[in-house]
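These notes are about the structure you will find just below.
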2 protein chains.
Amino acid sequence: MGKVTVIKIGGNVIDNPEALKRFLGSFAQLPDDNVLIHGGGKVATQVAEKLGVQTTMVDGRRITDRPMLDVVTMVYGGLVNKQIVAQLQALGTNAIGLTGADGGTVLAHKRPVKEIDYGFVGDIEEVNSGQLQAFIRQDLTPVYAPLTYDREGNILNTNADTMASAIAVDLAAHNEVTLVYCFEKKGVLSNPDDDQSVIAELTPSVYAEYKASGAINKGMIPKLDNAFRALDKGVSKVIICHADELALAVASGAGTTLTQSV
Amino acid sequence: MGKVTVIKIGGNVIDNPEALKRFLGSFAQLPDDNVLIHGGGKVATQVAEKLGVQTTMVDGRRITDRPMLDVVTMVYGGLVNKQIVAQLQALGTNAIGLTGADGGTVLAHKRPVKEIDYGFVGDIEEVNSGQLQAFIRQDLTPVYAPLTYDREGNILNTNADTMASAIAVDLAAHNEVTLVYCFEKKGVLSNPDDDQSVIAELTPSVYAEYKASGAINKGMIPKLDNAFRALDKGVSKVIICHADELALAVASGAGTTLTQSV
């Protein structure tokens with residue numbers, strides 16, 4: 001059973017060239033096989049604005065109409081993805097930039113319309129982990145843009161956290177998988193106002209206590225629920241850490257480590 | 001020795017959604033293993049305009065400064081490439097969209113500045129045909145945007161005709177390779193004013209005669225010189241045909257077929 005680390009890097013790092021460079025430097029030094037999933041960042045909104053494409057947000061989520069789909073396909077699948085691939089190649093990592101359409105590796109369906117029509121947004125159905133493993137066996141490092149494929153000719157915009165989790169779960173059937181969410185805090189905080197109050201380990205029962213006390217706040221809850229679901233489905237370990245502490249987090253557990261039990 | 005067909009499709013087809021759909025329909029039906037290289041089309045110029053990025057052309061060639069490099073990376077590597085991949089996937093072709101940076105497959109250097117500084121334009125040094133063949137053996141169909149990689153972290157804008165020819169030549173070391181240039185005419189014409197005057201076969205000596213008589217015009221000469229060089233370097237056959245006649249051209253020689261000798 002091989003070890004694979006699936007790492008998600010958020011938009012705030014993508015937006016900061018220096019932070020991205022530091023992050024990619026650590027990523028390139030990691031042991032084992034790795035898969036990177038990157039978020040979008042603000043550049044899509046900026047490009048959309050300049051192109052005269054209106055950005056509609058509902059509850060903090062972007063509505064992906066056809067013109068916006070073209071923008072995210074360009075920006076996430078082209079600009080951001082290929083710049084990351086080129087930088088990783090220069091660091092000696094044999095990166096390959098992908099969307100879910102490439103090799104049919106991440107298949108999704110358009111989110112059904114209920115109260116809100118999110119537009120061309122994909123809910124993931126299936127990850128072709130066989131193809132992903134074939135890439136990994138060839139010493140390629142897959143770098144995913146947060147875009148999936150609907151089997152009917154359409155790219156779909158997809159949440160990068162969800163995509164990372166789906167890829168990690170599928171790879172977990174044949175590998176020992178660590179899933180790492182890199183973001184702008186040092187980990188999950190017990191006191192949202194104190195950046196040093198990092199919770200080192202979270203199990204479902206400890207998480208339940210923090211939720212009950214209100215210490216873990218609204219924004220973290222979907223991320224953590226999603227992370228615990230990945231553990232339920234076979235991922236060995238989930239780490240939530242600062243992008244600058246990736247190497248440390250993978251090596252010795254900086255940030256917050258989520259496990260099924262201590 | 002496997003048979004591989006390397007096909008270049010130009011910007012005029014990319015710009016016309018109906019023509020592109022027809023072309024991809026034929027492409028998906030081709031026998032053997034195939035590699036597609038697509039041009040850019042006018043959409044890069046349109047996007048650049050809307051983004052306030054000035055397009056500078058010298059002798060019909062785009063100067064690729066840093067903002068324009070970002071635009072072509074977005075448009076060629078993202079929008080156009082991923083839309084083609086998604087459409088091919090829907091047609092049952094397991095396409096994978098690539099630039100030369102992905103898997104380090106097409107390496108280039110920035111064109112040296114002589115009279116003109118073309119900016120971030122790549123002259124190809126090396127194709128990693130081993131990696132390309134590994135993709136093909138996995139039944140993946142590589143779809144290349146006209147972008148290469150400089151080994152130092154930069155994407156480079158590259159002529160799609162040249163890229164198709166370089167890929168064909170490298171694959172020819174281990175495969176029987178046909179190189180197909182699809183464009184807006186039915187083939188090489190003996191009379192530029194008569195679209196039906198297609199020259200069925202061109203050998204170097206026949207080509208020399210047409211050049212001497214002036215029948216083969218200025219724009220075709222670099223394309224044909226390039227094509228004959230590919231034959232010199234091991235490509236078995238070069239076909240120049242209309243995008244709508246791809247299937248016919250590959251099966252039975254519609255368009256113009258270039259060979260070393262009849």
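Using N, Cα and C of the backbone, Cβ positions are placed for all residues, glycine too.
The substrate site recorded in TrEMBL includes B:GLY40, B:GLY41, B:ARG62, and the single candidate from B:ASN157, B:ASN175, B:ASN191, B:ASN217 that the record places there is B:ASN157. Here the domain 'Aspartate/glutamate/uridylate kinase' (B:3-241) has a mean pLDDT of 94 out of 100. Neighbouring residues of the recorded substrate site, listed in sequence order and excluding B:GLY40, B:GLY41, B:ARG62, B:ASN157, comprise B:GLY11, B:GLY39, B:ALA44, B:THR45, B:VAL72, B:VAL75, B:TYR76, B:PRO146 (Cβ within 8 Å of the Cβ centroid). Neighbour density around each Cβ, counted as other Cβ atoms within 10 Å, peaks among the recorded positions B:LYS8, B:ARG62, B:LYS223 at B:LYS8.
A simple way to gauge crowding: the CB of B:GLY40 (substrate binding site) has 22 other CB atoms within 10 angstroms, across all the protein chains here. Closest to B:LYS223 (site 'Transition state stabilizer') by Cα-Cα distance, out of the recorded positions B:LYS8, B:GLY40, B:GLY41, B:ARG62, B:ASN157, is B:LYS8. When the Cα atoms are compared, B:GLY40 (substrate binding site) and B:LYS8 (site 'Transition state stabilizer') turn out to be 11 Å apart.
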